[in-house]
Protein chains: 2
Amino acid sequence: MTELTVLDRAACQRRDADDPLRGFRDDFIIPTDTIYLDGNSLGARPKGAAERAAAVIEDEWGEGLIRSWNTAGWFELPAALGEKVSGLVGGGDGSTVVTDTTSINLFKAASAALRIQAEDRPERRVILTQRENFPSDIYMLQGLAEQLDDGYEVRLVDDAEVTAGFPTTMTDEVALVVLTHVNYRTGRLFDMRSTTEAIHAGGALAIWDLCHSAGALPIDLAGGGADMAVGCTYKFLNGGPGSPAFIWVAEEHRNRFAQPLSGWWSHAKPFEMSPGYAPAEGIRRFLTGTQGIVSMSVAEVGLDVAARADMGAVRAKSLELSDLFIELVETRLSHHPVEIVTPREHEHRGSQVSIAHEEGFAIMSALIARGIIGDYREPSILRFGLTPLYLGFADVWDTVEALRDILDNRLWDTPEFKVRGAVT
Amino acid sequence: MTELTVLDRAACQRRDADDPLRGFRDDFIIPTDTIYLDGNSLGARPKGAAERAAAVIEDEWGEGLIRSWNTAGWFELPAALGEKVSGLVGGGDGSTVVTDTTSINLFKAASAALRIQAEDRPERRVILTQRENFPSDIYMLQGLAEQLDDGYEVRLVDDAEVTAGFPTTMTDEVALVVLTHVNYRTGRLFDMRSTTEAIHAGGALAIWDLCHSAGALPIDLAGGGADMAVGCTYKFLNGGPGSPAFIWVAEEHRNRFAQPLSGWWSHAKPFEMSPGYAPAEGIRRFLTGTQGIVSMSVAEVGLDVAARADMGAVRAKSLELSDLFIELVETRLSHHPVEIVTPREHEHRGSQVSIAHEEGFAIMSALIARGIIGDYREPSILRFGLTPLYLGFADVWDTVEALRDILDNRLWDTPEFKVRGAVT
């Protein structure tokens, strides 16, 4: 960050020209005059998504009708898409399904993990999770603990406690630790392998939420020792608004995985329609009920784009983009009270840059008004998601320059930009 | 059924010409040379579904990107579609959301109902449900009972026990009764009002599954005294494959409704992202996580068609169609060993005709091969769903004539039609 290279827009454009991932930009349709930095909330639209939806609706549904459950492979979509996700997160064969929502999959995984612990370490009743995990994850765990009653309890821990390996919170009461791989506000990335080792050393199981990392960086679920994982497909995997989530379970737990949302899609013989539940062997037991086939089919388009990308190259570019972003903020906005919240160390950084400014909300509104779309999180945080497949270095330059213009000229300081509606 | 009218194809065509619902046929696109009698499994494709998907993907997602959560009303879709469903099932204002799957919504409803009973009648631990309820409903209840432990138990009852008002099974152990409104195999319709009265008289709560009745007949949830209800939108509501389900809760229970799948969409202030769960007032507390917006948007197209139809007229035509079907089977297939399984009494009949034949599987395969699409359920049952919005009287005539041809000439008796793959 202290290199003496000339850093200007032309230099950024040269880096774009040399970018080995540059061709992926053409796999997406981004609105004109838009720089999209919110792919960590909702990924952009891949080419082919609308055509896929049309084919599902007109041909598979319209012409195939009920037959398409078999002939168009609808029943197999959760497993088929699961294989594609698995390839991106190092899950291994037959480890992953795409189904339901992240919140619901977390409920399944946490329920199953607690049942395993109830057999293996029956006295343990505590679930640890980050205070800054996705709120929905925390709420789901609270809902599960309340339903189980029997002394189950969710305890919130600070990020520093996680990175230090749980020195004060990992007691012999802890059954389960649920962690987001990347803090959605700050962009802090947690090391899966060492953190999971600390969890296992404490006798607990580890569930990782990959919503903010799947598709953004290389992940080695099977090699990293995780017990279970969940994540969405609508952020860095560009699956479309609310596209279905995934759930992964380590091989050692797969046939001990018992979940209460035991709908017919998880039954060993769903078409016998017997009145007694019996779980399928393998990954089908992670399923529940009939899936939204249109949304799921569209999600596959995004997964197929990601599958063509080398995740190592994606990670390298992501770090180059965030390094550039940070350097530009430091050099070109240094006369403003902005604080870089995202960790500087590569090993602790996800694929976003978060900066704090007490007028963050109005500043982000002003940016969005000129087509530079990031988002805002309380308190004071401007979030900029960096999706290497469709974002370039000149985009980062233009973003920081726009920020500079807005800050230098207090363009945020109008009632229009200060009124808060629902914030996404 | 013993009228002396001449019953031939021309008479059926005259009835089609006089059908007040005839215009609705043009709201759907049915493949040529197809008679579709599986709308109780997957409804047909309404016109406009593909256009709606294209608009969501190209405009709302592609152009609006993250902003569409607000500007395109994505966050409000569960409640907006819920209002439309509510209008079709007599739910009342602010009573219904469209979200997740039927199985998951049943889990929420049953969990909430058992919590209410744990406060009001804490000794009760039994859930009754029909042995022939949808298997997935039974499995979900079994999953919930196992999760709750503490003596909770699912007991299966025969349909006759339900219609008789639970003379032998309604003990003071029963907390909850979960019933499908229509038996998916036989087509038997249960009377919601009198059955719910019997359940309430026994001190239990009633949850109804409307998957096989919503959109097929008038339903008066609020007036019928039900406590909670769930159902899908992909059968008689023509919402598309796996389109999201709905959940309705009676006003008296709405603010006591507490469910363990307490994701952020059910939070009182989802965008404060606080680490403590607090349920929203009203129907938003039935929600869990982010919904598949493409599937949900497409579902709205089917709901909008249904909203234009008078449910009384739909029911009248449905009964005329099933009367005709039964009469034709009795008169024109009388020389074959077919048994009509669906109740003859209108008040006990849903919107389907099921007939049994020991070679039912092969017969249905032969029918499907000539473009007449019903389905098969073990053991021996040929199911014919009757969707009045797109099915006519001549279609019924042609179906029974095809059956006659297949039976008379043993056209089902080939290896091709006897091999069982996955059956839908």
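Counting begins at 1 with the first residue displayed.
Backbone N, Cα and C define each Cβ position, glycine as well.
Other Cβ atoms within 10 Å of the Cβ of A:Thr180 (pyridoxal 5'-phosphate binding site), summed over all protein chains shown, number 25. TrEMBL lists A:Thr102, A:Ser103, A:Phe134, A:Pro135, A:Ser136, A:Asp137, A:Thr180, A:Asp209, A:His212, A:Tyr234, A:Trp264, A:Thr290 with the feature pyridoxal 5'-phosphate binding site.
Residues or ranges marked as N6-(pyridoxal phosphate)lysine by TrEMBL: A:Lys235. Taking a C-beta cut-off of under 8 Å and a sequence gap of six or more, A:Lys235 (N6-(pyridoxal phosphate)lysine) has these contacts in its own chain: A:Gly39, A:Asn40, A:Ser41, A:Leu42, A:Gly43, A:Cys211, A:His212, A:Ala214, A:Gly215, A:Gly385.
Applying an under-8 Å Cβ distance to chain B, the recorded positions A:Ser136, A:Thr180, A:Lys235 reduce to A:Ser136.
Other Cβ atoms within 10 Å of the Cβ of A:Ser136 (pyridoxal 5'-phosphate binding site) number 26 in total over all chains. Shown are the binding-site residues A:Phe134, A:Trp264; of these, the residue with the fewest other Cβ atoms within 10 Å is A:Trp264.
Spread of the pyridoxal 5'-phosphate binding residues is 30 Å (greatest Cα-Cα distance among A:Thr102, A:Ser103, A:Phe134, A:Pro135, A:Ser136, A:Asp137, A:Thr180, A:Asp209, A:His212, A:Tyr234, A:Trp264, A:Thr290). According to DSSP, A:Thr180 (pyridoxal 5'-phosphate binding site) is assigned to a strand segment. The number of other Cβ atoms within 10 Å of the Cβ belonging to A:Thr102 (pyridoxal 5'-phosphate binding site), over all protein chains shown, comes to 27.
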